[in-house]
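Data block below; observations after.
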Amino acid sequence: MPSRRAARESAPELGALGSSDLSSLSLTVSRTTDELEIIDEYIKENGFGLDGTQLSEMPRLVPRGPASLSSVTLGPAAPPPPATPSWSCTLGRLVSPGPCPRPYLVITEQPKQRGMRFRYECEGRSAGSILGESSTEASKTLPAIELRDCGGLREVEVTACLVWKDWPHRVHPHSLVGKDCTDGVCRVRLRPHVSPRHSFNNLGIQCVRKKEIEAAIERKIQLGIDPYNAGSLKNHQEVDMNVVRICFQASYRDQQGHLHRMDPILSEPVYDKKSTNTSELRICRINKESGPCTGGEELYLLCDKVQKEDISVVFSTASWEGRADFSQADVHRQIAIVFKTPPYEDLEISEPVTVNVFLQRLTDGVCSEPLPFTYLPRDHDSYGVDKKRKRGLPDVLGELSSSDPHGIESKRRKKKPVFLDHFLPGHSSGLFLPPSALQPADSDFFPASISLPGLEPPGGPDLLDDGFAYDPSAPTLFTMLDLLPPAPPLASAVVGSGGAGATVVESSGPEPLSLDSFAAPGPGDVGTASLVGSNMFPNQYREAAFGGGLLSPGPEAT
């Protein structure tokens, strides 16, 4: 328990009170409980300079009656917290700042890697302009840089030159040509406080010939163009003439006039368009856009120039990739490839699946823009047997539901071909043919009369003989013209009564030959005209002629 000694030690702490307060406090020992409560309220009001949290931690006086007042003790008061000096903020402003950030250079727009053609000086034309990486057909962008933390600098000079693609990034023999370019280097001056950004417009690449490589490199090194201090190389055959990098480096002078250089930065590689080893890949056309999922479909692909030993045709989806089957002999003049499609990963697909087909260079992995290709489900009837069977089966339901279920009317409507249609194309149209059309053009090659074996007439006098006498009972000759209907008399033969010869009298004029002028044979007519339009073969005409009594058999041929 706290002793009276502790109460006496705490008494000096109460010296902070006034003299009147000390006298009133000394009387509290012999006073009643009401007076102790008054003292407690007084302490709460004044607080001795302490806040409410500290008062809650101090022991509170409890009224115990007059007999126990002698044992009341007061605990030690906690020291007040140190007050914050009013000049602390002023000292914070007087603290010396740290080292200022060092200015540096960044590339905000990379040059486009592919699509730029390097041109020789002897071509006598502009080398073009390097576009930005985000350039499209609709909007063109340019390579751009930006200076950072250069607010206190008045002027900064930025230098751009060409270096190797790989380490140690030596100076490249090719040169930059265009606006603000001299000696193969582009130099621009920027004022960071005005505009810290700059875009390189009309910046092209001019290539040199192999025999000029060494001289071009030495000339640049003498001008101090070597951002990485890599020096020159004796064996210049290692220089890759088809790819370069653009190195940007900034320099400035401080207030004392000392020259400072920022760290050089490199762009992405820029490839020559005309080189097949580094050019951009592009598919122009494919002859087919779909094929079976089993693969093996032969396709023809047209593209830009590629290397036949460094190209592959890839079919892919998000979870599958297959390569086409072809050899170097299937690459035609670097612009066409004949290949066979690979089988799809799932041969039992029930619906068509669309995949991407693109070109890929094996050395650097560069790919072309993909084109769609559709895999079709497997055809279980590859030889078309089922289709042929279905094609041969009659449409029973269709025939029974029609007005002519047995096809009788359709057969009746079919016109039977006429025999003369094969010889006289104008029969149906009623055209007239002149008599000369039925006469052979060459009488030597096409004889007027044709004798068939076994149908030769008996020998008789020739018509041209002087002693020929007309005999009506003699049998007539059988010719191919007898197969045609009888023609109207073109000429009349009149036999003179007084002479022995026959006199042929021609008609007054040629009469047109028409099929309408022929009289159809009646039921009682029997002759060769009745055979026209029949379906008999030529050897059957003989039997028909002999059986009808039209012809009499002649002597057998020996």
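Glycine residues also receive a Cβ, built from the backbone N, Cα and C atoms like all the rest.
Here Swiss-Prot gives region 'Disordered' for one range in the set 1-21, 169-189, 190-210: that range is 1-21. Of the candidates T84, T341, Swiss-Prot marks one as phosphothreonine, and that one is T84. Swiss-Prot lists region 'Leucine-zipper' for one of the ranges 22-50, 283-311, 486-514, namely 22-50. Cross-referencing 97-101, 377-381, 387-391, 457-461 with Swiss-Prot places the feature motif 'Nuclear localization signal' at 387-391.
Helix, strand and coil counts from DSSP across the motif 'Nuclear localization signal' (411-416) read 3 helix, 0 strand, 3 coil. Non-local neighbours of the motif 'Nuclear localization signal' (411-416) in the same chain are absent; no residue 6+ outside the stretch has a CB under 8 Å from one of its CB atoms.
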